[in-house]
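Visitor: First the structure, then my questions, so here it is.
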Amino acid sequence: MITLITHVINPLAYIVPVLLAVAFLTLLERKVLGYMQLRKGPNIVGPYGLLQPIADGLKLFIKETVRPSTSSPFLFLATPMLALTLALTLWAPMPIPYPVTDLNLGVLFVLALSSLAVYSILGSGWASNSKYALIGELRAVAQTISYEVSLGLILLSVIIITGGFTLQTFNVAQESIWLLVPAWPLAAMWYISTLAETNRAPFDLTEGESELVSGFNVEYAGGPFALFFLAEYANILLMNTLSAVLFLGASHIPAFPELTALNLMTKAALLSVVFLWVRASYPRFRYDQLMHLVWKSFLPLTLALVLWHLALPIALAGLPPQL
């Protein structure tokens with residue numbers, strides 16, 4: 001019975017809410033963009049358009065999955081499944097406030113799995129056997145790999161400040177003050193890097209509708225497309241939850257774990273709304289600007305900050321207290 005709970009019910013209890021949150025994030029996005037463009041957004045299906053995501057999901061999954069005759073059959077269908085599997089597995093070490101698996105190296109696990117997501121994009125672009133998909137996929141891979149570097153270095157700095165690799169440690173470290181306050185340059189670079197990592201505007205070069213039709217998923221329709229869509233939005237929510245854990249640590253009251261969960265979800269939701277706000281406000285970056293930003297601005301800065309955070313405790317450790 002215990003194994004049933006830990007291996008079946010526990011994972012389901014966090015997969016289902018994540019998928020529901022993803023569904024309603026799509027609705028929120030359409031509503032926010034609608035109001036920013038002085039229109040209503042979805043308002044027909046259900047009260048205030050609240051059932052729109054359910055109608056969308058149903059429509060996508062009952063469509064026929066069309067596969068291009070020249071595509072690689074196995075890879076074409078395996079990559080969307082891989083994308084969603086990775087997006088959902090990433091939630092396992094998240095302290096909301098108790099994780100599904102409390103990993104010792106939770107931060108590294110998140111970093112490793114999020115860089116594996118590149119392979120789903122790589123496979124789908126190549127398996128589609130289409131020029132547009134290939135160009136979109138090459139852009140996506142270059143962008144994701146480039147921003148992984150800055151994300152990794154920012155994480156390293158934050159780990160040095162916090163003193164632990166488990167995501168639970170961040171809650172303890174931020175009991176007196178949010179990490180956002182002393183490490184605001186890190187937080188700003190982290191947030192921009194997560195935008196690029198999740199292929200969101202203004203870094204949505206992979207799916208630039210004006211030039212690439214739809215990017216790496218141009219040949220996908222129906223079910224497999226829905227899986228990619230779910231994976232993308234699950235990643236957005238995950239990155240924002242991670243940002244909230246790292247820089248806006250939820251104060252954990254052991255007697256009321258529900259409050260911590262509510263606290264964290266509210267912060268993640270607000271950060272996600274800022275994602276949508278950015279999408280409505282900024283034009284798309286040019287490819288070379290995107291690469292200049294990470295390699296010429298973020299990389300030197302993050303490297304300097306890693307060295308600074310390493311040197312500071314070592315330099316001050318030899319001094320007597322209360323100088």
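The backbone N, Cα and C atoms fix where each Cβ goes, and this holds for glycine too.
Worth saying up front: this structure is predicted, and the values here are computed from it rather than measured.
Per Swiss-Prot, the features are:
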- 8-28: transmembrane segment (TRANSMEM)
- 74-94: transmembrane segment (TRANSMEM)
- 105-125: transmembrane segment (TRANSMEM)
- 145-165: transmembrane segment (TRANSMEM)
- 176-196: transmembrane segment (TRANSMEM)
- 236-256: transmembrane segment (TRANSMEM)
- 258-278: transmembrane segment (TRANSMEM)
- 298-318: transmembrane segment (TRANSMEM)
Visitor: So what's near the transmembrane segment (145-165) in sequence-distant terms, Cβ-Cβ under 8 Å and 6+ beyond its ends?
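Guide: Same-chain contacts beyond the ends: 104-108, 111, 114-115, 118, 173, 179, 182-183, 186, 189-190, 193-194, 196-197, 246-247, 290-291, 294-295, 298-299, 302-303, 305-306, 309-310, 313.
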Visitor: Which sequence positions outside the transmembrane segment (236-256), separated from its termini by at least 6 residues, show Cβ-Cβ distances below 8 Å to it?
Guide: 18, 21-22, 25, 87, 90-91, 94-97, 110, 155, 158, 167, 170-171, 173-175, 178-180, 183, 186-187, 190-191, 194, 197-198, 200, 263-264, 267-269, 271-272, 275
